[in-house]
Amino acid sequence: MRNVFYLSVASFALGMISASDTFPKNMIIALCVLYSAFLVYKTAYSRKFKYGIAVVFLAVGFMSYSGIYNYKISGVKDFCDKNCDVYATVLSSDYGTNSVKYTAKLTKINSENKNLKIMFYAPKGTKFYRGDEVVLRGVTPEIPKNMKNFDYNSYLKAKGVFLTVFAPREKIEVTKEGRGFLRFFGILRDRIIENNNKNLDGELAGVVNAITTGDKSGLSGNIKRVFSTSGVSHLLAISGLHLTILVSLIGAFLNDEFYIVKRFVKPIFSIVTTFFIMLITGMGYSVMRAGIMLLIMNFSLLSGRGRNSVNSLMIAGTVIIFLNPYAVFDVGFELSFFATLGIVLFSTKICEFLVRFLRIKWLCGSIAVTVSAQVFTLPLIVLYYGNIGIYSIVANIVIVPVFTILLLVSMIFCLVSLMPLPGFVTMLFTGNIFVYEKLSYIIARFISRLPFASIPVTGFSFAIMLIFAVSLYGLYKIYKNGMYKPVCVALSAVCLAGIFYVNYDGRDLRVNFVDVGQGACSHIKTPGGENILIDCGVSKYYSNDDIARSTVEPYFNKNGVTHIDYAILSHYHDDHFSGLISLMNDGLIDCIVLPRNRSADDEEDYQNIRNTAIMNDVDIKYFSRGNEIYPDGENGGVKIYAISPSVTDDWKQNSESLVLKLTYKGTGFLFTGDIENDVMKTLKSDEITADVIQSPHHGSKSSDDKDFYKNTSADCSVISVGKDNSYKHPHKEHLDALSENGIKVFRTDECRTIHFKVDGKGNIKYKTDGGLQ
């Protein structure tokens, strides 16, 4: 019966994945055909109907992917792109750097009753709690689309959200305050965050808030980068690990020999703690998975029955998928599920193997758990984040014990801080928190600075992930059947070599025009491994998304970009700089290059960028005509220099854009910002020759000077533009000017991200994410 259950859940999940666009269709279809053929063969051969049931669930999962979505949105399609009054009940909140993201249950649009989960944003400082009934007036509901390099639709589906709603704060009104214990836990969470911010220094408060309440808005970019590079970033996000640690510590305190304590008191305390943590942290999928497993385990103890970890894991997964079938696309759910599966299946066997050599059981257990989780999640980590933490196993073994003490002290402090306490008691706790947080940070920083601490893997695909999984299973079977250990070692080496091989780039220059919608973002990877970003932003009139975190950082992860050496801003417009703010806050930028020329209208934005850079220890340089940088050194072959404007020039805002030229092995790329015809007519023809140009001002007719395009002698032009944008870019006049000069056009709204590669002989090749080759 259990096998039927396991097969059915796995088949349903595979069916959901096979119907999505998450992985290459041909690979998924081939996998499903093979899987179905295997199930049909087993049904016919063994005459057991469990395999036939699995085929049915595979088909149900496949049909459910589109069926559930179409059913959910069918009732709201008629209201899209119209001003509406949206009535909803708040379910949860997620604090960001500059705003608060709320999920809510839609109850009515205008006068029509609806039942749908939605998401809306409000400025930071807004306080809505679970159960509050709100009305969002004069807004435009939007059905999320798959945009840019980020599958926004699948991301929202994984959260159970099918509609996003945008409204300014003054258009959001609370019509009725919620009641009940769920609202109480929301208020309690905010109270804890306020107390932490009051009693702890900014960076320290950010860490404590992240590991106790799930509020990551206060984490500095430096801490995120250090923990990520060292392979322990999961410690900063509330997950099943945190819940398991706390419940285990309670179990250790109640590890009494008395029957009553072991049989009843200990499980009851564990159940209460589990519910408390789940409610206070917002019940993410990882916490839900761990919580359900712990609840099953403790109820089993209370009832006097045995426990089965595999059964508990499958039941937890089933409950989550039942509540939201699209949860199978949530990265947190996938990592949590496979890490736990690895621990359940292999940690005991690995521990028994290690004890023969190390003789220290607790150390062997720690290594076994870490290795089991890391191996099972490695393909997902590489697929989603594009890098391998070489020392992550060592980092987890060393830092987790220190972090456990930090988590315990922080939790106790959060509880006692709700009561009036003498100052010396608060100082006692804050002192301990400071010591253990700094110790964790120092260890993580030391590991992150070791050679090859994080190795990017940019060519990893679904096919390679599948080969890795099959190879892992083959290695296990070889070892289990007693075959030669050298065979296992050799196959392991081949697997690792394959992963590093797909990352080999040679001595190529790569220039990628990233699809960010109605904005601009270009990423340059030099042969010497330096990363340069030219602009990073999206128009606030096109999207309210944090473009850095929703699009650019996923692009970085996919392409193995761990930091940006130089971020160059062409001019002070939000569709060119908005993402740079978050990238600096996340510690991803080492140096920002700003245009020296600016108008009075630019001053507020300039000060915002400058202050953010100073706050995050980002170096600041200024550029105008004549300035240049050599990312790989003067003998490296790569040069970026400014052609316009001069310091003495006095153009209007768009035409004050930096015009930059990138050269390598006789090949040139021209980046033009938003310059218009007045500047285009003044640029010298011998300075603007290039193989590839970025069309000025997103293809506007104000930048259609035909002589300029003739003088560039360009083969290709890239227009960074958003699909169905309100500016109607690119304009016909601009496209005609390019066409008359025989310049091939690539548009990010059609081609998505466009990739150019220049080899060591100056030969240039291109490909696009939209399929145009």
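Glycine is treated like the rest: Cβ placed from N, Cα and C.
Residues or ranges marked as domain 'DUF4131' in TrEMBL: 27-168.
Annotation comment: TrEMBL describes 212-473 as domain 'ComEC/Rec2-related protein'.
The annotation domain 'Metallo-beta-lactamase' is assigned in TrEMBL to 515-584.
Residues annotated as transmembrane segment in TrEMBL: 49-68 (among others).
The annotation transmembrane segment is assigned in TrEMBL to 235-255 (among others).
Marked as transmembrane segment by TrEMBL: 267-288 (among others). Long-range neighbours of the transmembrane segment (267-288) within the same chain, counting only residues 6 or more positions beyond its ends whose Cβ lies under 8 Å from a Cβ of the stretch, are 92-94, 181-182, 185, 188-189, 192, 212-214, 238-240, 242-243, 246-247, 250-251, 254, 294-295, 298-299, 301-302, 316, 319-320, 327, 330, 332-333, 335-336.
Sequence annotations record features per position, and here TrEMBL assigns transmembrane segment to 309-329 (among others).
Residues or ranges marked as transmembrane segment in TrEMBL: 335-355 (among others).
Among the features that TrEMBL reports, transmembrane segment is placed at 362-384 (among others).
Counting residues 6+ beyond its ends, the transmembrane segment (390-416) has Cβ neighbours under 8 Å at 192, 195-196, 208, 211-213, 230-232, 235, 242, 245-246, 249, 363, 366-367, 370-371, 374, 425, 429-430, 432-433, 436-437, 439-440, 443-444, 447, 450, 452-455 in the same chain. Positions annotated as transmembrane segment by TrEMBL: 390-416 (among others).
The transmembrane segment annotation in TrEMBL covers 423-444 (among others). The list of residues near the transmembrane segment (423-444) in space but at least 6 beyond its ends in sequence, with Cβ under 8 angstroms from a Cβ of it, reads 199-200, 204, 207-208, 223, 226-227, 230, 232, 235, 395, 398-399, 402-403, 405-406, 409-410, 412-413, 416-417.
Per TrEMBL, transmembrane segment is recorded for 450-475 (among others).
According to TrEMBL, the transmembrane segment annotation covers 487-504 (among others).
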Task: Tertiary contacts of the transmembrane segment (309-329) (same chain, 6+ residues out, Cβ under 8 Å) - done: 2, 5-6, 9, 12-13, 16-17, 20, 22, 61, 64-65, 68, 154-155, 157-160, 285, 288-290, 292-293, 296-297, 337, 340-341, 344-345
Open item on the list: Looking only at the domain 'Metallo-beta-lactamase' (515-584), how are its residues distributed among DSSP helix, strand and coil?
Closed with: 23 helix, 19 strand, 28 coil
- [ ] Could you please provide the mean pLDDT value for the domain 'DUF4131' (27-168)?
- [x] 74
